[in-house]
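**Q** Dumping the structure here so I can ask a few things about it.
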Amino acid sequence: MSGKGGKAGSAAKASQSRSAKAGLTFPVGRVHRLLRKGNYAQRIGSGAPVYMTAVLEYLAAEILELAGNAARDNKKTRIIPRHLQLAIRNDDELNKLLGNVTIAQGGVLPNIHANLLPKKSAKATKASQEL
């Protein structure tokens with residue numbers, strides 16, 4: 001007999017979020033809701049929020065990794081806005097992407113113009129040539 005009933009005693013499969021199905025940490029459902037509520041388009045496909053969530057997660061991981069390296073270079077264990085600024089501005093692609101972004105409490109990149117550096121004296125150059 002073919003019917004709707006399955007085997008007796010078999011447990012129903014637990015529901016799995018779209019984030020878990022895609023192997024992501026960021027919430028796909030929330031991104032989908034924000035895309036729908038934002039009036040970006042009349043209709044939003046099912047793959048669009050998954051792809052966008054994956055891109056956002058990748059960018060966040062990339063920035064956090066570089067900021068963590070900057071914090072470690074400064075012998076700190078906590079990432080502060082200064083570390084985010086250094087990480088973004090020292091990376092060519094992230095700097096191009098976030099070129100117009102101002103990071104509060106980020107400071108500026110250390111840079112001294114070559115004309116402002118002290119000139120080598122004649123004595124220092126002669127002494128180095130003799131050795």
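Note: Cβ is positioned from N, Cα and C throughout, glycine not excepted.
Features from Swiss-Prot:
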CROSSLNK  K126  SUMO cross-link
MOD_RES   S2  N-acetylserine
MOD_RES   K4  N6-acetyllysine
MOD_RES   K7  N6-acetyllysine
MOD_RES   Q105  N5-methylglutamine
MOD_RES   S128  phosphoserine
SITE      K119  site 'Not ubiquitinated'
**Q** May I ask for the distance between K119 (site 'Not ubiquitinated') and the residue listed as 'N5-methylglutamine', taken between their Cα atoms and rounded to an integer number of Å?
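**A** The residue listed as 'N5-methylglutamine' has its Cα 33 Å from the Cα of K119 (site 'Not ubiquitinated').
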**Q** Can you name the residues of this chain that are 6 or more positions from the residue listed as 'N5-methylglutamine' yet have a C-beta less than 8 Å from its C-beta?
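**A** I80, P81, R82 - these are the non-local Cβ neighbours of the residue listed as 'N5-methylglutamine', listed in sequence order.
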